[in-house]
């Protein structure tokens with residue numbers, strides 16, 4: 001195995017950058033590793049207007065050094081009463097790259113999300129017509145559905161009807177966690193894709209309970225059984241262009257993360273690419289990493305491939321237990337790869 005690999009500069013197709021002081025702390029990790037990132041809109045209040053997206057984009061850009069060459073790609077937060085005209089205007093003005101569907105109360109700051117798909121029928125028709133991607137947090141929230149089954153049930157109950165009713169709509173099922181999601185996306189046409197996180201390639205649901213209750217491994221969707229983790233690895237490393245990188249890095253301050261009712265989210269941004277590289281190397285699939293990290297996403301979104309390269313050097317790197325007051329994924333572990341600056 002080579003001691004060095006070079007990749008076309010990658011993108012992160014799903015990240016939470018937060019806002020305010022938290023944004024200033026976390027955005028450098030993403031902006032110095034990736035050239036572009038799809039930024040989630042679940043702020044308080046959520047990003048539901050073109051003006052709000054512009055203001056948020058300005059806040060992100062202000063926190064970045066110009067030499068990083070980073071471009072945030074903004075998304076709209078869909079609600080029951082969002083206007084189709086606002087979505088279309090934001091897309092045509094180059095402000096909204098995509099729109100995000102959060103089922104109401106499915107995850108962090110999703111209380112204002114969509115309660116029933118019929119409420120956004122007009123929006124989805126417009127998005128289908130103009131070629132605007134729909135990004136989906138694919139879980140049902142019914143109390144009678146087991147938390148480990150919520151993604152699989154969502155596919156049957158909601159995603160299949162969306163695909164049937166809006167066949168021309170471009171859809172990304174984000175941060176997939178199940179074999180069912182892999183199979184559904186893998187059997188679909190070019191209008192359906194999925195992002196895969198680094199943590200779901202490394203952990204199964206046992207990680208949350210290893211030696212106690214491990215809140216730093218709690219995210220939504222939750223990690224599943226080992227067979228699902230292995231299915232995600234096969235998908236990510238298959239070379240199938242329907243699967244691409246999306247970290248879902250989701251930082252939370254430690255008091256909220258480590259409380260009796262801890263927040264869902266894993267902060268993986270500081271070492272995301274090294275984490276992916278470790279997984280791909282473990283399965284002897286490093287030759288598939290560039291397509292997953294740098295090529296498949298732009299192809300789906302209809303964007304140019306980045307210029308420049310990044311280099312990963314085989315060199316042990318100890319992950320700190322805490323960075324900027326946040327606990328990172330792989331805290332206390334040694335990663336076998338080290339990212340060199342983008343050129």
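For all residues, glycine too, the Cβ spot is worked out from N, Cα and C.
Site annotation (Swiss-Prot, ligand Zn(2+) 1) includes 14, 16, 100; from 189, 216, 240, 248, the additional listed residue is 248. Together with 100, 137, the Zn(2+) 2 site in Swiss-Prot holds one more listed residue from 175, 199, 200, which is 175. Cross-referencing 53, 55, 264 with the substrate binding residues that Swiss-Prot gives (16, 17, 18, 42, 137, 220, 252) picks out 264. The binding-site residues listed here (18, 42, 137, 175, 264) include 175 as those with a Cα within 10 A of the Cα of residue 248 (Zn(2+) 1 binding site). Checking each of the binding-site residues (14, 16, 175) against residue 42 (substrate binding site), the C-alpha distance stays within 10 Å for 16. Burial estimate for the binding-site residues (17, 264): highest at 17, by number of other CB atoms within 10 Å. The Cα of residue 252 (substrate binding site) lies closest to that of 16, out of the binding-site residues 14, 16, 175. When the CA atoms are compared, the binding-site residues lying within 10 A of residue 175 (Zn(2+) 2 binding site) are 220, out of the candidates 16, 220, 264.
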